[in-house]
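In what follows, a single structure is set out as structure tokens and then discussed.
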Amino acid sequence: CCPAGEGWYGILERLNAGEVVIGDGGFVFALEKRGYVKAGPWTPEAAAEHPEAVRQLHREFLRAGANVMQTFTFYASDDKLENRGNKLTFTGAQINEAACDLAREVANEGDALVAGGVSQTPSYLSCKSETEVKATFKKQLDVFIKKNVDFLIAEYFEHVEEAVWAVEVLKETGKPVAASLCIGPEGDMHGVSPGECAVRLVKAGAQIVGVNCHFDPLTCVKAVKMMKEAVEKAGLKAHYMVQPLAYHTPDCSCQGFIDLPEFPFGLEPRILTRWDMHKYAREAYNAGIRFIGGCCGFEPYHIRAVAEELAPERGFLPAASEKHGNWGAGLEMHTKPWVRARARRDYWENLKPASGRPLCASLSVPDGWGVTRGHADLLQQKEATTKDQLKQLFDRSKTH
């Protein structure tokens, strides 16, 4: 991926050339379903404990069309690894190094880049100082520099202030920096608009800005449109990225799917189909977004759908399309004639999938308790949550 005479063909070179860069999917959710990640901590020790599982998932996303392999380092800061009694047999550095090695191994099997990522920290929620929070990022960053990742992502930040701090630390490396907030059109948890968030991140040094997680694809695309408009109005320049959920979230409040009563174990009825992903990819592309990927709920077939929708712009289909006919064309080979009749685009584009649940509501009432950084309920701890602490939460939930 290094054109003659052009030198290293990294993330900025690709985006500057107008290429579509496709990200991978949500590793913590995908690996939790496969039995390698514990819901609750959502930490990535599987990179060291079960490298074969992480390697295989990277390969599936690569085959599906992703050309960014994000290191499986989500929530791998030391303070998060130790949060609420989470017992680990590996250090944060060991997990992060193993994740970098796995991502690089698979990226080298195709035309892919390796992105090292940092995320929001319990230290910030507990109101620790800027110096302390930045030191947490710096510890992860040391591993990314040692392993020479291709670029860096500050992702999954609910508060733009913490994201700015992360960008300021990441920029010190001289590597390209992307910044991605887990916010919707209402803005961050203190009400800072998506546009203002983007302007602050670009001024801090991020060359790519956008959103990831917490909301469905079209909601995330809407938020990135707001970012793009504000950045351009401010006379600044940036590239844009979007890596949403693979779940429908029309009923979410400002904190997104975490507030849904189905989170995290009952979300399956909300999963987007591959055909929904075609629409998402086209909407994102038409909005001027060129780094298009996924987060929680995204499986490789979702990324394959994104890659297939954008094949005309990219100039090729992913390897996984060898086993997938365009718009259901493979069904032409089915034994049943009524299934063969579904081998057409208009059938799948106009389908209204049923839930199969006669008493299932179409929407939920979010649980949002209206707390964020600075509230006593969000002070984090290293000790396991006690039964008394849990009882207080159980009792409180009955009143909401």
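Backbone N, Cα and C define each Cβ position, glycine as well.
Since we're looking at a predicted model, the values are computed, not measured.
The feature domain 'Hcy-binding' is assigned by TrEMBL to 9-310. What TrEMBL records for Cys213, Cys295, Cys296 is Zn(2+) binding site.
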Request  = Take the Cβ of Cys295 (Zn(2+) binding site) and count every other Cβ within 10 Å, whichever protein chain it belongs to.
outcome  = 30
Ask   = Once Cys213, Cys295, Cys296 are set aside, which residues in the chain still have Cβ within 8 Å of the Cβ centroid of the Zn(2+) site?
value = Gly26, Phe29, Tyr156, Cys182, Asn212, His214, Gln243, Pro244, Leu245, Gly294, Gly297, Phe298
Query = Once the chains shown are all counted, how many other Cβ atoms turn up within 10 Å of the Cβ of Cys213 (Zn(2+) binding site)?
reply = 27
Ask   = Which residues, sitting 6 or more apart from Cys296 (Zn(2+) binding site) on the same chain, put a CB under 8 Å from its CB?
value = Gly26, Val28, Phe29, Cys213, Leu245, Ala246, Tyr247, Phe257
